[in-house]
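These notes concern the structure reproduced below.
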Amino acid sequence: ADIFKWFILSTGIFINPSLISLCPQVQLNTMGGDNKTCSSDFTLIGLFTHGAASGFLFSIICAIFFMAMIANGVIIFLIHIDPYLHTPMYFLLSHLSIIDMMYISTIVPKMLVDYLVGKGTISFIACTAQYFLYMGFVGAEFFLLGLMAYDRYVAICNPLRYPVLMSHRVCCIISASSWFGGALDSFLLTPITMSLPFCSSRKINHFFCEAPTMLRLACGDKAAYEMVMYICCVMMLLIPFSVVIASYARILITVHQMKSAEGKKKAFATCSSHIMVVTLFYGAALYTYMLPQSYHTPMKDKVFSAFYTILTPLLNPLIYSLRNTDVTGAFKRVFARCQGARGMRQ
């Protein structure tokens, strides 16, 4: 947090430096235009209400977090160690797993610790850092899923040119473009959101610092902020979503023209995992960032956000592994190799 605070103060690219001082107080504008000094801490309401079912919900989310970390770690390990998975599709899949591990780690550990400690306090700097990292990782996943659709398009519509069109250099460009898009997302939206005058309640009715919820906390005229954020989010979502739609439109045309039933079945099997992941992730994200604020409620925001920030990082590796014979085959080969090495040592 100290490093991030120094970065904000020294560059001045995120927020107005007058909103932060080196002491734990910030100057905030009131509705009447006067300055008012108040604590720089926010309070996260969270998912847990400390009711009868809160302990059960805590256990489920804790299990999901560790399972997501393990499942994505296994996917990355298998793709790295098994030569049969050294292909463009699995290269991109390994980056998807890395992104999932990173962005679930920016949200869930803080939420779990808050429940155990019994309070959900988060400082302005920590909230800004969480917002910045979260938007970067989620933005990177938006772009990566879109570009993975292009990979499927090339594999089905141009199979003979696949090694050229999806060379290692192209894969590196796709990966770098995704990370760049996510970083651009953070650098655009963080200053818009965190430079708003937060002057009324310091309670965030959410389990992390998300854009729609932070906008509801701000006071004054927010129309310009909301319009700029809406345009940024629409662009960030529509660009990769358009790639997905265009790619699968061409894939459907190609599959329809196939005469072999086996070829059609193989094509659909190749795309089914990616389609499921895109539907789950984009569906929840489209609600969060593209619907106007009038359609949002705190409970709906929590449910949809929990779906694509907590469940999706677990579902992604499960969908790709359970529905993919290459991944299950790689797991069996690695397991057999480990068993053989153990037998030789004995």
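Any Cβ shown, glycine's included, is placed from N, Cα and C.
For the domain 'G-protein coupled receptors family 1 profile' (71-320), the predicted model reports an average pLDDT of 85. Under the heading domain 'G-protein coupled receptors family 1 profile', TrEMBL lists 71-320.
Sequence annotations record features per position, and here TrEMBL assigns transmembrane segment to 56-78 (among others).
Per TrEMBL, transmembrane segment is recorded for 90-111 (among others).
Beyond the ends of the transmembrane segment (131-150), by six or more residues, the same chain brings 4, 14, 89, 92-93, 95-96, 99-100, 102-103, 106-107, 174-175, 177-179, 181-186, 189-190, 193-194, 208-211, 214, 236-237, 239-244, 247-248, 274, 277-278, 281-282, 285, 309 to within a C-beta distance below 8 angstroms of the stretch. Summarising the annotation, TrEMBL assigns transmembrane segment to 131-150 (among others).
The annotation transmembrane segment is assigned in TrEMBL to 170-192 (among others).
Sequence-distant contacts of the transmembrane segment (227-246) (same chain, at least 6 residues past either end, Cβ-Cβ under 8 Å): 139, 142-143, 145-147, 149-150, 181, 185, 188-189, 192-193, 211, 215, 278, 282, 285-286, 289-290, 292. If you look up TrEMBL, you'll see 227-246 (among others) marked as transmembrane segment.
Positions annotated as transmembrane segment by TrEMBL: 267-291 (among others). Long-range contacts of the transmembrane segment (267-291) within the same chain, counting only residues at least 6 positions beyond its ends with a Cβ under 8 Å from a Cβ of the stretch, are 138, 141-142, 145, 148-149, 152, 155-156, 210-212, 230, 233-234, 236-237, 241, 244, 248, 251, 254-255, 258, 300-301, 304-305, 307-308, 311-312, 315-316, 319-320, 323-324.
The transmembrane segment annotation in TrEMBL covers 303-322 (among others).
Taking pairs at least six residues apart, the transmembrane segment (56-78) and the transmembrane segment (303-322) share three or more Cβ pairs below 8 Å and count as touching. Same-chain residues lying 6+ beyond the ends of the transmembrane segment (303-322) with a Cβ under 8 Å from its Cβ atoms: 47, 61, 64-65, 67-68, 71-72, 74-75, 93, 96-97, 100-101, 103-104, 107-108, 134, 138, 206-208, 210, 273, 276-277, 280-281, 284-285, 287-288, 328, 331.
When Cβ-Cβ distances below 8 Å are used as the criterion, the transmembrane segment (170-192) is approached by residues 13-15, 88, 91-92, 95, 99, 128, 131-133, 135-144, 147, 150-151, 211, 225, 228-229, 232-233, 236, 239-240 of the same chain, each at least six residues removed from its ends.
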